[in-house]
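What follows is a single structure, written as structure tokens, with notes after it.
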């Protein structure tokens, strides 16, 4: 009886895993392929551990703002400038945002532009404005 | 199986408590103590790293040799790797106890320990030197995760060969612990690769962040609890084993597809909203079964006090197991389900609410169980003194108070953040200043947690030191 139960458990586990992996791979295909510059930007993002302070798709740290749609709020040249000559991070008085080289900054911003094109099913939600229909 | 027969012949009444069979000590069980000692040591360091990081968030310009972005990475690295190392020791120890025989190769277990410790320490060292790969919870360089994968491969091979050596007498607990280790390996390997596609990268990350926690570790800890009750003589084998494969099957299928609740907003089709929500409901079933299994053990152990089993060591282990179950129910299941509802998740995702859930579910559910196993293993052959037992209980209470305090502070911070930032649309940084009191409360609760951590680790070290000679591989067992 135990052997039968064990076999059933193993078959169920193996089938579930294979199906799950296949559905995940199919689901993760994106409408627009990533450019070389954006891919290089992703490596810069990872190298500097940006995810410790910022979120992408809401995943990451909460010290800084979510950057999934940052390019819709701040234009890319301004972002590049921010990263090359970073300001002091509030509420600190001396500590600056980590600085990047120009190429690195341009690549990261290209990556953030790419992330902005990924459809996220309506996340993040748009805040309510006074006078909006309920 | 001798153990099984011994139990079966004596099992006649409901929840009847059995006389304990004499327990043999196997070489791998002595080796497993090294894993547990390393795990609890890393857990002690974890408290200090976490406290430093929490302080950094509330004290501007706090000087630190390691910048926050790498300090947090070390904290998250510890959160994943100390339970892994403890789990390896736990699985070896309880597989030998469950099967009542030696594992296939104790030497392999010894090598595996050296490998996993080397690569885990390399993750921390490289992050301290600001060398990392920037994937949350997996911030170490991919090569180092390959090394940890190698250790898991050795563990999986060793355990499969152990079961295979007497394949007609495989017990459910030993089987699900082995499958748990196999899953740890399979789910880690895709994370040693680099992905250009950010959606696929996020999805693969959750194969460790979610699936290790809510599936693979669920299997290993269910096997541990079952074996603990059985080999300690606290409960009848049939009662504990009755639904173990069903529980494991639900943990696997439920765990896999409920990963969908982490996929909601990462760029996958809306199918995952439905799949992630519905299957997350299914995840509650194995938790309920785990609670039921523990209840059976508790009921039996309560009865046992009348018949002579009054081991303070086992009682302290039970305190830790019970703590875990509280967070299984409240932190992982209730809070987890509440924030999984898509129209709730839409607003709370990406706020401190997630952080509250992570603390309660990650340490609360799984950390306590790994600590329970480590304490049990490292204190084998000794009993705590009355004072030591009281100190152990106090440590467990402090850990609970600290964890609930941290969870509550982060939860309130998350709700405030959701309301002001997500709903009212206030500026992110402006909202962040409003969160300072809650983050300060988190530091205080973290301090209480760290106190409990150090007190418990002290008790564990004391027990280990007292028993180190009789449990040393050269002691002639």
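Cβ atoms here come from the backbone N, Cα and C positions, even for glycine.
Whatever TrEMBL says is automated annotation, not expert-curated.
Positions annotated as domain 'Cytochrome oxidase subunit I profile' by TrEMBL: B:206-415.
Remote same-chain partners of the transmembrane segment (B:73-96), defined as residues 6 or more beyond its termini with a Cβ less than 8 Å from a stretch Cβ, comprise 26, 28-29, 31-36, 38-40, 42-43, 45-46, 49-50, 53, 66, 102-103, 109, 112-113, 116-117, 120, 123-124, 127-128, 132, 134, 136-140, 148, 151, 155, 159, 162, 173-174, 177-178, 180-181, 184, 208-209, 212, 217, 220-221, 223-224, 227-228, 231, 362-363, 366-367, 370-371, 373-374, 377. Look at TrEMBL and you will find B:73-96 (among others) tagged as transmembrane segment.
Sequence annotations record features per position, and here TrEMBL assigns transmembrane segment to B:108-131 (among others). Listed as Cβ neighbours of the transmembrane segment (B:108-131) (distance under 8 Å, sequence separation of 6 or more from its ends, same chain) are residues 28, 31-32, 34-35, 38, 42, 66-67, 70, 73-74, 77-78, 81, 84-85, 88, 92, 139-141, 144-145, 147-148, 150-152, 154-155, 157-158.
The transmembrane segment annotation in TrEMBL covers B:143-160 (among others). Sequence-distant contacts of the transmembrane segment (B:143-160), counting only residues of its own chain at least 6 positions beyond either end whose CB sits under 8 Å from a CB of the stretch, comprise 81, 84, 88, 91-92, 95, 103-105, 108-109, 111-113, 115-116, 118-120, 122-123, 126, 177-178, 181-182, 184-185, 188-189, 191-192.
When Cβ-Cβ distances below 8 Å are used as the criterion, the transmembrane segment (B:172-195) is approached by residues 84, 87-88, 91, 94-95, 98-99, 135, 138, 142-143, 145-146, 148-149, 152-153, 155-156, 159-160, 162-163, 201, 204-205, 207-208, 211-212, 215-220, 222-224, 226-227, 230, 240-241, 244-245, 248, 252 of the same chain, each at least six residues removed from its ends. Under the heading transmembrane segment, TrEMBL lists B:172-195 (among others).
The transmembrane segment feature in TrEMBL is assigned to B:215-236 (among others).
According to TrEMBL, the transmembrane segment annotation covers B:243-265 (among others).
The transmembrane segment feature in TrEMBL is assigned to B:271-298 (among others). Sequence-distant contacts of the transmembrane segment (B:271-298) (same chain, at least 6 residues past either end, Cβ-Cβ under 8 Å): 15, 214, 218, 222, 225-226, 228-229, 234-235, 239-240, 243-244, 246-248, 250-251, 253-255, 257-264, 318, 321-322, 325, 328-329, 332-333, 336-337, 340-342.
According to TrEMBL, the transmembrane segment annotation covers B:318-344 (among others). Panel annotation: around the transmembrane segment (B:318-344), residues 214, 221, 225, 228, 261, 264, 273, 276-277, 280-281, 283-284, 287, 290-291, 294, 297-298, 301, 353-354, 356-357, 359-361, 363-369, 371-372, 375, 392-393, 396, 399-400, 403, 407, 411 of the same chain, lying at least six beyond its termini, place a Cβ under 8 Å from a Cβ of the stretch.
As annotated by TrEMBL, transmembrane segment applies to B:356-379 (among others). Within the chain, the transmembrane segment (B:356-379) has long-range Cβ neighbours (under 8 A, six or more residues past its boundaries) at 29, 32-33, 36-37, 39-40, 43, 79, 82-83, 86-87, 89-90, 93-94, 213-214, 217, 221, 224-225, 228, 313-314, 316-318, 320-321, 323-324, 326-328, 330-332, 335-336, 339, 392, 399, 403, 406-408, 410-411, 413-414, 456, 459-460, 463-464, 467.
Among the features that TrEMBL reports, transmembrane segment is placed at B:391-419 (among others).
Positions annotated as transmembrane segment by TrEMBL: B:439-461 (among others). For the transmembrane segment (B:439-461), the residues of the chain that approach it from at least six positions outside its boundaries are 40-41, 43-44, 46-48, 50-51, 54-55, 57-58, 371, 374-375, 378-379, 384, 388, 391-392, 394-406, 408-410, 413, judged by C-beta separation under 8 angstroms.
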Same-chain residues near the transmembrane segment (B:243-265), Cβ under 8 Å, at least 6 residues beyond its ends:
172-173, 175-176, 179, 183, 202-203, 206-207, 209-211, 214-215, 218-219, 222-223, 226, 272-273, 275-277, 279-280, 282-283, 285-286, 289-290, 292-293, 340, 342, 345-346, 349
